[in-house]
Amino acid sequence: MGDWSFLGRLLENAQEHSTVIGKVWLTVLFIFRILVLGAAAEEVWGDEQSDFTCNTQQPGCENVCYDRAFPISHVRFWVLQIIFVSTPTLIYLGHVLHLVRMEEKRKEREEEPPKAAGPEGHQDPAPVRDDRGKVRIAGALLRTYVFNIIFKTLFEVGFIAGQYFLYGFQLKPLYRCDRWPCPNTVDCFISRPTEKTIFILFMLAVACVSLLLNVLEIYHLGWKKLKQGMTSPFRPDTPGSRAGSVKPVGGSPLLLPPNSAPPAVTIGFPPYYAPSASSLGQASAPGYPEPPPPAALPGTPGTPGGGGNQGLRARAQNWANREAEPQTSSRKASPPAPTPPAAESPGGGPQQSLPEGAAGSSGDSDGEGAVTAVELHAPPEPPADPGRSSKASKSSGGRARAGDLAI
């Protein structure tokens, strides 16, 4: 049989990167399969076809009976079994060597002087080896190792079933054959049937032990990962996980995590304007002047405290001064301009310009708006009518009128 040294060296390298049960499995494969098969099985099955004899002189009958009794030699069958069962382990070893080589290249690139700045955000993969220098069985390597065990188990089961259907688990000394070109049923005899039966049972037991080790290794890996998941600390509460807990699903309402404060709702209010109280205690909303006074109907009696025409002129003058208030405030903000000549009032008398002390501006502390309060007085009557001027002077004295409006 061929040399097993090359396969043995490969499997020895794979043993360094296996679990404890995997190392036991490889030991069983080395000692109880490869060594026993190379040392003893060839000696037992070396004279298999030469010592297979049949009680006939028909040419070719003995060969066809041997082919029917042993479709494939036991030794070659076990060699194929060893190769197929070892192939998943060799694939796993290739994956390990690939990862180790990639890590070595990465270290070489890190030792080289940096060249042009590459794209940022590149994260280096996790190191393949741990602190003790052993290869970590995790991630993609763990998946490869699990598939390695699964395929080894399937190959073991397949070869055990194939051996049973081809030969059975026992060789009988007598084999009856009626295959053409034998003239009739002939008796054929197998050499050393008891010794061969012992070898068959031994190799079957080794295959069952390997199958049991594969099952235990799968259980060991599953229990180990489950234990790590139970004993590992909880993941930190990241902003992404917090945002994912509030994300609506399928248009359903937001689901807040337990023990969380209700979301804050901001309600907007219109700006608050402080009312400006006049000297008579009356209040009016700033920025909303009263409508102009209605026109006096003929025959309507005048307001008390003065003639009817005098009251109408005073109210009209108040309204005109209110309309001119925005212009007055804009002139205060601009540089002083020459004072225009006094305009005539509707009553025929010159209208005096408002003194600076007559208008005061009061602004809100928050800067929301400015309110200007203006006190307006009726102009004096011409001296032609002494009775009317006395009444006007009495009504337009230093005190405020009832019809005046503070803005």
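Backbone N, Cα and C define each Cβ position, glycine as well.
Swiss-Prot lists 121-130 with the feature compositional bias 'Basic and acidic residues'.
Annotated compositional bias 'Low complexity' per Swiss-Prot: 356-370 (among others), in sequence order.
Annotated compositional bias 'Low complexity' per Swiss-Prot: 387-399 (among others), in sequence order.
Summarising the annotation, Swiss-Prot assigns disulfide bond to CYS54-CYS188 (among others) and lists similarity to another entry as the type of evidence. The Cβ neighbour count for CYS54 (disulfide bond), using a 10 Å radius and every protein chain shown, is 21.
Around CYS61 (disulfide bond), the C-beta neighbours below 8 angstroms that are at least 6 residues distant in the chain are CYS54, CYS177, ARG179, PRO181, CYS182, PRO183, VAL186. Annotation source Swiss-Prot lists disulfide bond at CYS61-CYS182 (among others), citing similarity to another entry.
The disulfide bond annotation in Swiss-Prot covers CYS65-CYS177 (among others).
Here Swiss-Prot flags 2-15 as intramembrane segment.
What Swiss-Prot lists as region 'Disordered' is 108-130 (among others).
Per Swiss-Prot, the feature region 'Disordered' maps to 233-257 (among others).
Taken from Swiss-Prot, the feature region 'Disordered' applies to 279-407 (among others).
Note on the topological domain 'Cytoplasmic' (16-19): mean pLDDT across this stretch is 75. Under the heading topological domain 'Cytoplasmic', Swiss-Prot lists 16-19 (among others), citing a curator's inference as support.
Same-chain neighbours of the topological domain 'Extracellular' (41-71): 1, 78, 166-167, 175, 177, 179-183, 186-192, 195-196, 199, counting only residues six or more beyond its ends whose CB sits under 8 Å from a CB of the stretch. Here Swiss-Prot flags 41-71 (among others) as topological domain 'Extracellular', drawing on a curator's inference.
Taken from Swiss-Prot, the feature topological domain 'Cytoplasmic' applies to 93-148 (among others).
Summarising the annotation, Swiss-Prot assigns topological domain 'Extracellular' to 170-197 (among others). Beyond its flanks by at least six residues, the topological domain 'Extracellular' (170-197) meets 44-45, 47-48, 51-56, 58-62, 64-66, 68-69, 74 of its own chain at Cβ-Cβ distances under 8 Å.
The topological domain 'Cytoplasmic' annotation in Swiss-Prot covers 219-407 (among others).
Annotation comment: Swiss-Prot describes 20-40 (among others) as transmembrane segment. Long-range contacts of the transmembrane segment (20-40) within its own chain (CB-CB distance under 8 A, at least 6 residues past either end) are made by residues 1, 4, 7-8, 11, 14, 75, 78-79, 82, 85-86, 89, 145, 149, 152, 199, 202-203, 206, 209-210, 213-214, 216-217, 220.
With a threshold of 8 Å between CB atoms, the same-chain residues lying at least 6 positions outside the transmembrane segment (149-169) that come near it are 22, 25, 70-72, 74, 77, 80-81, 84-85, 87-89, 197, 200-201, 204, 207-208, 210-211, 214-215, 217-218, 221. For the topological domain 'Extracellular' (170-197), the number of residues in each DSSP class (helix H, G, I; strand E, B; coil) is 5 helix, 8 strand, 15 coil. Broken down by DSSP into helix, strand and coil, the topological domain 'Cytoplasmic' (16-19) contains 0 helix, 0 strand, 4 coil.
Across the fold, the C-alpha of CYS188 (disulfide bond) and the C-alpha of CYS65 (disulfide bond) stand 8 Å from each other. The Cβ of CYS65 (disulfide bond) has PHE52, CYS54, TYR175, CYS177, ARG179, CYS182, VAL186, CYS188 as same-chain neighbours under 8 Å, each 6 or more residues away in sequence. Secondary structure of the topological domain 'Extracellular' (41-71) per DSSP (helix as H, G, I; strand as E, B; remaining residues coil): 13 helix, 2 strand, 16 coil.
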